[in-house]
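Asks: Could you have a look at this structure, given as structure tokens, before my questions?
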Amino acid sequence: MASLEVVEVNERLLLESEEPISENGSDGPYTGDGSVEIKGNSILKHHTGNWKACFFILGTEYCERLAYFGIEKNLVTFLTTKLHEGNVSAARNVTTWQGTCNLAPLVGAVLADSYWGRYWTITAFMAIYLIGMVTLTLTASISALTPPACVGFVCPEAISAHVLYFLGLYLIALGSGGIRPCVLSFGADQFDDADPLEKVRKGSFFNWFSFFGNLGSFISATYIVWVQDSYGWGLGFGICALSLGLAIGSFFLGSVFYRFQQHRGSPLTRVCQVIVASLRKWNIDIPHDGSLLYELPGETSAIKRCRKLEHTTDFKFFDKAATISNTDDKCKNFRNPWRLCTVTQVEELKIVLRMLPILATGIVFYAANAQISSMFLEQGMFLDKSIGSFNIPPASLSTFVVISVTIWIPTYDIILVPSARRFTGKDRGFSHLQRIGIGLFMSILSMVAAALVERKRLEISKAEGLVHQKVPVPMSILWQMPEYFLIGAAEVFTIIGHVEFFYDQSPDAMRSLCTALYFVTVSLGNYLSSLVLSILTSITTQGGKPGWIPDNLNEGHLDYFFWFITGLSFLNLLVFVYCAMRHQYKQAF
């Protein structure tokens, strides 16, 4: 945690060079964002929130990610060796499961923003998560539920056990997905946007949140994977369940230090109100002067404890919802939000619509990123896994992603940001979209590295006469290090950039929902990966051919698959640059 102290010193030096902070903005005893303690009472700023609260949240993130990745990292191996699935089937099941993990955040976000709040939403989904972990652990531990061992190359499928295994897996998907936008947003809530110092610290929080998540991933990819391969799946999954229990304990221990944001109503309802009101007034003219659109007077927003949003000129059709018609004026019907909305409500919808192109360009990136736990892993199974007398489990190669992330995050936060700040004048060095673009480029380099490694592997397979044998080739698995290291660097730039972008650019009352959009992007990327696998397999296996990705990769052309993802990623980068140049940032007052 010494690096955190360095970050705080840099933050204070930055702020000392600015104008003195007004008492109204940050020097008062209470937070300026209206946050309260767990019982709803006002709180003293210096006794709550900030890093003292985030210590428990970061501990929760570390233990929860260790539990999650303890399942995810080796899931392809579990499905192929334990449940006897084929390569394409296992990869498709893993990416579909990952997609569900990243689609579930929408459910958690809606419940958090509209009804329960982040704290109680995390509590509810943690319970579901733990039930899933226990179910999977017990199923893997009971010998009667495991399929018979393979006889030669004949491996009976575990059809009867599939239901229980996948019940546990999808309960984990629902539980882990439900908490993900809430834990991140709840951590960011511990920093007061009205305090310039805390606002800068919040940017560092996103980096350290990712750091501790990746630290948990590192332990999973080394120790947990080793336990699963050496001592069995039951024990390995049991350690994951125990780690999740520790995550729950860490979360509740910090309750007295947490800051809570009060409910601000359903964001989805407000979005629907704007759409309905616009359609009801489809034939009326919008005033040229934006000040004539309906908005509450003074600083008060129609949405509780939220800043007003300035009127923008794009998506003009939705301005009809804030246009006062003759009927509204005669009836003074200003209290029916299904007919007349405020400018701030309209701008909420516009902000979400502006995010969609950035969201869409993230889909291909996450399809490429999904190869870490599918095709990279299957490629590693056909490489020489021995270093002296020690065998490296293919799933453990993903530790190089974590190593890359743990190197790049402190480097980015402590070295790159201060250096870039001198040239850009931005507090965070790079804009969110610049950071995302750098990561997209690095992901292309990762796919190129994977394709080159696979081409070399196939050449060795042919030279050694191993094409028709389902065995590893005499090429070290360490040749995969560059592809893992590059995708790890891409994660630091693009994933953290996406998280910051969706949180920072979201309206105040839609933080969890817009953070969930990030996870929807990841989900769609996973589903795209599954779809691409299915389509390419269908096309390349016509006429009795083995296809690009057969069960025996020595007979296939996995390199063609990686080149295909490379080309798709390059086209996606061009589209992203175009969208980023046209993007209009949020304006609040």
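Count begins at 1; order follows the chain as displayed.
Including glycine, each Cβ sits where the backbone N, Cα and C put it.
Because the structure is a prediction, the values reported are computed rather than measured.
Feature table excerpt (TrEMBL):
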TRANSMEM  119-143  transmembrane segment
TRANSMEM  163-184  transmembrane segment
TRANSMEM  205-226  transmembrane segment
TRANSMEM  232-258  transmembrane segment
TRANSMEM  356-377  transmembrane segment
TRANSMEM  397-415  transmembrane segment
TRANSMEM  436-453  transmembrane segment
TRANSMEM  484-503  transmembrane segment
TRANSMEM  515-540  transmembrane segment
TRANSMEM  560-581  transmembrane segment
Asks: Assess whether the transmembrane segment (163-184) lies in contact with the transmembrane segment (232-258), where contact requires at least three Cβ pairs under 8 Å among residues 6 or more apart in sequence.
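Replies: These two segments do not touch.
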Asks: Should the transmembrane segment (205-226) and the transmembrane segment (436-453) be scored as in contact, given a threshold of at least 3 Cβ pairs under 8 Å and pairs 6 or more apart?
Replies: no
Asks: Based on Cβ pairs under 8 Å, which of the stretches 232-258, 397-415, 436-453, 515-540, 560-581 lies most in contact with the transmembrane segment (356-377)?
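Replies: Ranking 232-258, 397-415, 436-453, 515-540, 560-581 by Cβ pairs under 8 Å to the transmembrane segment (356-377) puts 515-540 first.
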Asks: Are there residues at least 6 beyond the ends of the transmembrane segment (232-258) whose Cβ is under 8 Å from a Cβ of it, and what are they?
Replies: 37-38, 47-49, 52-53, 55-57, 59-64, 66-68, 70-71, 74, 78, 82, 119, 122, 126, 129-130, 133-134, 136-137, 140-141, 186, 190, 216, 220, 224-225
Asks: In terms of Cβ proximity under 8 Å, which residues at least six beyond the ends of the transmembrane segment (397-415) contact it?
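Replies: Contacts of the transmembrane segment (397-415) (Cβ under 8 Å, skipping residues fewer than 6 from its ends): 3, 6-7, 10, 73, 204, 207-208, 210-211, 214-215, 217-218, 221-222, 372-373, 376-377, 380, 477, 480-481, 484-489, 491-493, 496.
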Asks: Is the transmembrane segment (560-581) packed against any residues at least 6 beyond its ends, judged by a Cβ distance under 8 Å, and which are they?
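Replies: Distal contacts: 357-358, 361, 363-365, 367-368, 371, 375, 433-434, 436-437, 440-441, 443-444, 447-448, 450-451, 454, 532, 536, 548-549.
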